[in-house]
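Everything on this sheet refers to the single structure shown next.
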């Protein structure tokens, strides 16, 4: 509001000011500061007005006291100027003293419309809602200025509904909201997301001709942006002829808030092209956009512009710079900005600590917490949530417990954000009982809190408990959202409960809750991991039919599904999609493509694609080594390893698993032993049970059963069922029944429900011609109801994938298929017999 604007002054001379009980007189005469004033009075008025504008309110009050001593007439305009001076300085105490003087001087002053309005403005600007409302309610004659003050106050204090009600009442009372009231009404609309009301205010502004006011136009851009109507915001912005920096800022901020970061960057560049100097808000918004799209070069340019423009690195700009450098991974630059800031606050400290956590520098984060405390800054809910997040990230429950204790001691554990972080921390540390206790003690259990606890149980493999909580939250009146459904579905898939996950997915859609990208991705990924690649592909096709575009995780899961069902054709189709969507920047996708081509039988394409990657990293080397290993091409696998060594890329456990498997498949005992030895001596790696398993398999297959046994006995780890099973299988080849029987006793105890162990021993007996023992084992398997897992095959006809399992007759064309197979068998027998006679 233009607080220095003139207000109507209605006064009537008080003929007998000494009466103890002054009566209220109807004010009809308009009093103007330039009329009926003694020359000395005018001089004092100008002096007091000048002092107030110069923020010298105490000197102005001294002149007021001087006027009292000289019995110079003090008109309402003097008190009005003094109150306005208090507004400039937000001098609440001084303004209250002036108010007391006004009341002491009687009704002539205290009931004067001009002074009453100035008092409302003063208390409103000092954010005293109750006092301002009380004085406003007592006004006999409200005006544009008093309405503007009270509506503006309601907006600042978050009473947005009251602000809009005031806007309506003001209009009903015959006062037309001006270009100072309209922006506040628009601000309230955006806060309440009342787009209909906002469009009504927009229409009023057009009707009254305020659309040419840049202040109103900027508020319209801001309102439409915060309500998510970016096209409307852009239309208003484009119609503004004389755009100031506030207008440009509103457009940039609108784009950033709606995730349209590239557009925000473009608007910033346009602003620079027309020569508008940026403010700290401009650069801060630009940096947020750059951080969100990881535009490192652009963000650095924004920092440079701030320096060249002489913008002070205050908390707003400093926080944005720290956030930007942290998000793009340049934590050292974030530290430098932080160290150069003079006036740090809790928000600034929190951003730096959060940056450390994002980069996995937990010790640096904790050290910053200590420095923060040493500089007398207390932890708030954001600080604690960040530390708890760090504890969850590294699964450090001791650190999490310390943080939890601090929250309890400082009464912060009741904060919903903090409580949520505590529950998440215990959940990640697989201590669901502690997470549940924290949840039970929290009074305000919102949807987020329920979802966090459900996720904790789901991630810990307790899918049944997660489902119980899912239903319990509904019984307690908290309807689940898509996040809730996703957690329960993921929990089932993590436990291999595919049917339950698909049932819940169907139920979700029946209730008209639309699955989001995370839902589809979880389902596709879970099915692929559980060996149901054909169903994963079908769900992917359904997802695309619904207009959802897959993300990186979806693509990798699909490529894994292709490997699962050996579908090279579908893998090629996904490769084409990757090319069209320009997703080659993702190392994980590139690696998955090499892996898919190799494991789907096309080593040539895998190698061709592998060779196109100029800057190779460890995962893609591992994928190529694994591919060669699968095809028994140990020489090529070792050659890739040599290339990897030349590029100074350090191998990991996966690398050596691939190399040992390659030597195993090719029967290269000496090279396998050399690789195993180098792993320990040259690379100082401790072999896992998988590496020992590869070596045992290599020695056993090459008829070195004694060496394999000696290797097992010298292992620092207890042999698992797979290693013992490998030796058991080798007993068949070397006709070592006694050792086979001995190992079987262990395996039957370790894996009583694994039919493979019984089959391996049965094969050993069969090789030795001991058919009685074979029959006994088969009978034991029947009694225990153990069956060997049936084989499964797939075939793709057009775009449709068909799966076939041994003994399964559920396919819609089973009759035709079996008739065709019978005919083929008959034809093959006839051809075989014909060839024998020939």
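Placed from the backbone N, Cα and C atoms, the Cβ positions cover glycine too.
For 1-18, the entry in TrEMBL reads compositional bias 'Low complexity'. The region 'Disordered' annotation in TrEMBL covers 1-31. Sequence annotations record features per position, and here TrEMBL assigns repeat 'PPR' to 143-177, 244-278, 345-379, 446-480, 481-515, 516-550, 617-651, 652-687, 754-788.
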PLDDT averaged over every residue in the repeat 'PPR' (617-651): 92
Against which stretches of its own chain does the repeat 'PPR' (244-278) lie, if we need a Cβ under 8 Å and a gap of at least six residues from its ends? 214-215, 217-219, 221-222, 224-226, 228, 230, 233-234, 237, 285-286, 288-290, 292-293, 295, 298, 302, 305-306, 309, 311
Distal contacts, the repeat 'PPR' (345-379) - CB-CB under 8 A, six or more residues away: 315, 318-319, 322-323, 325-327, 329, 331, 334-335, 338, 386-387, 389-390, 393-394, 396, 399, 406, 410, 412
Go ahead and report the DSSP secondary structure tallies for the repeat 'PPR' (143-177): helix first, then strand, then coil. 26 helix, 0 strand, 9 coil
Residue counts in helix (H, G, I), strand (E, B) and coil for the repeat 'PPR' (345-379), per DSSP? 26 helix, 0 strand, 9 coil
